[in-house]
Amino acid sequence: MSETKRVRVRYAPSPTGFLHIGNARTALFNYLFARHNDGDFIIRIEDTDAKRNVADGEESQMKNLKWLGMDWDEGVDVPGKYGPYRQSERQSIYEPLIQQLLDEGLAYKCYCTEEELEAEREKQKANNEMPRYSGKCRHLTKEQQAEKEAQGFKPSIRFKVPANETITFNDMVKDDVSFESNGIGDFVIAKKDGIPTYNFAVAVDDHLMEISHVLRGDDHISNTPKQILIYNAFGWEPPTFGHMTLIVNESRRKLSKRDGSIIQFIEQYRDLGYLPEALFNFIAMLGWSPEGEEEIFSKEEFIKMFDPKRLSKSPALFDNVKLTWVNNQYVKKLPLNDVVELSLPHLQKAGVVSADLDQAELDWVHKLVSLYHEQMSYGAEIVPLSEMFFADAEAITFDEEEKAVLAEDTVPTVISAFKKELEALEVLEAAEVKAAIKRVQKETGVKGKGLFMPIRIVTTGEMHGPELPLAIEVLGREKVLNRMDTWLKNN
């Protein structure tokens with residue numbers, strides 16, 4: 001490929017599912033590469049496998065790409081001169097090219113049934129041979145083909161893979177990669193219904209759309225020699241290929257959609273209240289790293305820095321802890337009003353806050369969220385973080401460590417004195433609560449952990465949490481007094 005050729009890259013999803021982490025990373029790296037080089041980022045929908053297409057799959061993919069912060073220069077919703085941008089609308093482009101290969105003797109009709117092909121594969125496996133098509137129909141005469149069709153057989157079209165060739169390409173990530181043509185076998189380029197297969201349609205589309213670089217996952221690397229053979233058959237120049245290493249879980253296994261230990265779909269992160277900028281940041285570091293130790297960057301900084309030479313040759317580890325840390329860095333920078341907006345739907349969904357808030361309730365939610373602003377990693381996390389504010393006194397239970405603290409002889413005296421102090425307060429505000437705790441210290445002679453821990457455990461139900469006077473203010477007089485009453489009655 002010429003060095004001066006305009007950079008044009010594509011993300012080409014199939015609408016057979018929703019946008020997951022792996023595909024989002026592919027889209028993101030192509031987006032960054034295009035923007036870094038002032039090139040074009042194209043969205044092409046590869047929807048030829050109609051049986052597997054999911055309703056709203058295409059719309060959902062594009063909605064979530066936009067939510068992550070990506071825009072594109074051409075696509076189904078951004079017309080350009082290289083359209084149509086859905087493969088299902090490009091059949092009239094593929095058909096004459098398939099016919100051209102047939103006419104030139106570079107492809108042939110195959111009448112083998114699925115049963116015959118399966119039997120062939122099983123026989124090869126039994127002989128410890130690599131399963132590949134034997135070429136059974138490669139030399140059928142026109143008369144034999146006509147006889148098959150007269151019998152009602154519909155042909156698929158297979159590409160004639162040349163024998164004894166080494167197919168080599170320089171990969172942006174893996175450097176020089178080679179495949180032997182003898183290990184490939186004649187592959188199908190058009191199915192029996194005339195619809196082109198993935199490898200044929202992709203090669204044709206990438207050429208006609210003038211795609212300069214194909215940056216995709218490592219799981220596509222075995223497709224590359226087939227696509228290069230198609231390029232060569234037409235006398236076209238292949239794009240530059242780059243195959244990113246796969247994303248693995250903590251067990252170093254490839255991410256699987258069935259792996260429940262990791263949330264994999266962007267829509268789910270969106271629903272949980274993750275921030276798009278944070279997810280963009282996290283995904284951009286999955287298998288790519290800048291110079292230095294810094295890990296938090298803006299989209300503009302990523303665009304400026306992105307260099308495919310810094311793509312890792314080792315699998316990218318999906319680290320849940322790192323993801324929550326990254327999102328927390330972004331949440332901490334948000335104004336409190338934005339964090340409340342992020343949190344409120346989750347509190348309402350949990351049924352702990354009413355759907356139709358009045359101003360007093362909204363003010364209370366602001367106070368509640370402010371206690372966890374620095375700690376929160378995503379919107380939905382406010383629910384488990386703040387559950388102590390909604391528990392009934394009778395439902396509060398204590399673990400063994402908390403029970404040990406509450407078993408000290410001075411605890412009933414401390415709790416009784418603190419209850420008396422709060423009952424005397426006209427306004428339950430943090431400053432007044434703090435002063436009340438000091439008076440309890442003076443009255444009882446108990447100080448330090450012996451004073452604070454019992455008060456915290458009885459009033460909040462937890463040994464650790466937000467600053468105690470603030471937590472008690474947000475809990476409110478009625479709830480705090482009720483919890484102390486309940487504990488004193490039971491002890």
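The backbone N, Cα and C atoms fix where each Cβ goes, and this holds for glycine too.
Within the model, the motif ''HIGH' region' (13-23) carries an average pLDDT of 90. If you look up Swiss-Prot, you'll see 13-23 marked as motif ''HIGH' region', on the strength of sequence analysis.
Of all Cβ atoms in the shown protein chains, 23 besides its own fall within 10 Å of the Cβ of Cys110 (Zn(2+) binding site). Positions annotated as Zn(2+) binding site by Swiss-Prot: Cys110, Cys112, Cys137, His139.
Annotated motif ''KMSKS' region' per Swiss-Prot: 254-258, in sequence order. Sequence-distant neighbours of the motif ''KMSKS' region' (254-258) (same chain, 6+ residues past either end, Cβ-Cβ under 8 Å): 17, 20-22, 246-248, 264, 315, 318.
All chains included, 12 other C-beta atoms sit within 10 angstroms of the C-beta of Lys257 (ATP binding site). According to DSSP, Lys257 (ATP binding site) is assigned to coil rather than to any helix or strand. Among the features that Swiss-Prot reports, ATP binding site is placed at Lys257, with the record citing sequence analysis.
Under 8 Å, Cβ to Cβ, and six or more positions away along its own chain, Cys137 (Zn(2+) binding site) finds Tyr108, Lys109, Cys110, Tyr111, Cys112, Pro155, Arg158. Lys257 (ATP binding site) and His139 (Zn(2+) binding site) are 42 Å apart (CA-CA, integer value). Within 8 Å of the centroid defined by the CB atoms of Cys110, Cys112, Cys137, His139, the record's Zn(2+) site, lie the Cβ atoms of Tyr108, Lys109, Tyr111, Gly135, Lys136, Arg138, Leu140, Arg158, excluding the listed residues themselves. Residue density at Cys112 (Zn(2+) binding site): 19 other Cβ atoms are found within 10 A of its Cβ, drawing on all protein chains shown. The local packing around His139 (Zn(2+) binding site), expressed as other Cβ atoms within 10 Å of its Cβ over all shown chains, amounts to 8.
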